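Trainee: Next up is a structure, given as structure tokens.
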């Protein structure tokens, strides 16, 4: 495969990568393993295993691994960037539209109808995770502990760290070995050194540029290193800082950003760009906001590239380390509680914007409608979100909202 055809393949995957990580991973498997037989099924599985272990969006990290496996480091960079750039550009353009047309009745009506749909999508993700953990008492105990800890105000990174420690102590099954084959650490240490220098240098520049840039760098670098369990698990941490602590955007705007992330290609964690955009907007105009979105993108994904380039040469070995598997099991259990916390946070913001005593009944009606539709037919988010927006327009048109 030539460099041009390799790049074209990954641009195609980046443009078509709708449907969340499951759909994106299936698309990569179909295009690279089944159709082109560019790598073996075993190599694909090893890449997926390591992507699941590392913090960060698993589909994007799998793209980096596959690109690295096919064409080395430059291949990993091309594949990883092609996977995220289309969605990043779209999210930024939609954020500009939300700001410049934010007072337009039709846009307010669209987001009004979409917000209950987002709650259903989050609840559906929680239901799927809970179903996988059915009957596992220790898993549910860690999930409930994580939910309670976040409600009591413990920081998200601390909760994730404690969950990993609980997994190491309580969830070792003896299936993996703690004595894998000897590691060749040269390539991994090189990747960590170069990636660490780029991230560290970027952080220093952000601090020198001013407080808003330092805040963005600190928030999204931290988020990148604790983003186990996907974007849903990370959003409570982002919301805690961007909405409650910094006041960059409202909870309702955060829900709107999640809806946009669900309907654009690329990893759902691109919703961080929406939050970063509004962070920049709080310190300047549209130009500052667009720059802030780009800075957010760098600090969100640079750690993912770095960690995957460091881990890829060790993919055959890391999955056999018992304590790594156990820590991941503990974190995966905590993710259930974290997403439940997200559902409560978004539910209050969307359904009770004026307080618990004043429910928004039209939104509650839409929530019931789409929850029933989801239980009956389980439609794609690419169907549900536009349908929610249409319902919002209808409600505005007949004067209900």
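Placement of Cβ uses the backbone N, Cα and C atoms for every residue, glycine included.
Remember, TrEMBL labels are computer predictions, not curated facts.
What TrEMBL records for 73-99, 105-127, 139-169, 189-209, 216-239, 286-311, 323-346, 381-400 is transmembrane segment.
Looking at the shown structure, can you explain where the listed features end up?
Mentor: Listed by sequence, the residues of this chain that lie at least six past the ends of the transmembrane segment (105-127) yet keep a Cβ under 8 A from its Cβ atoms are 97-98, 232, 252, 255-256, 258-259, 262, 336, 339-340, 342-343, 346-347, 350-351, 362-364, 366-367, 370-371, 374, 381, 384-385, 387-393, 395-397, 401.
Beyond the transmembrane segment (286-311), the same-chain residues lying 6 or more positions past its ends with a Cβ under 8 Å from any Cβ of the stretch are 50-51, 53-57, 60-61, 64-65, 68, 73, 76-77, 80, 84, 88, 91-92, 95-96, 99-100, 187-189, 191-192, 194-196, 198-199, 202-203, 206, 212-213, 216-217, 220-221, 223-225, 269-270, 272-280, 318.
With a cut-off of 8 Å between Cβ atoms, the residues of this chain six or more beyond the transmembrane segment (381-400) that come close are 18-20, 105-106, 108-118, 120-121, 259, 262-263, 362, 366, 369-370, 373-374.
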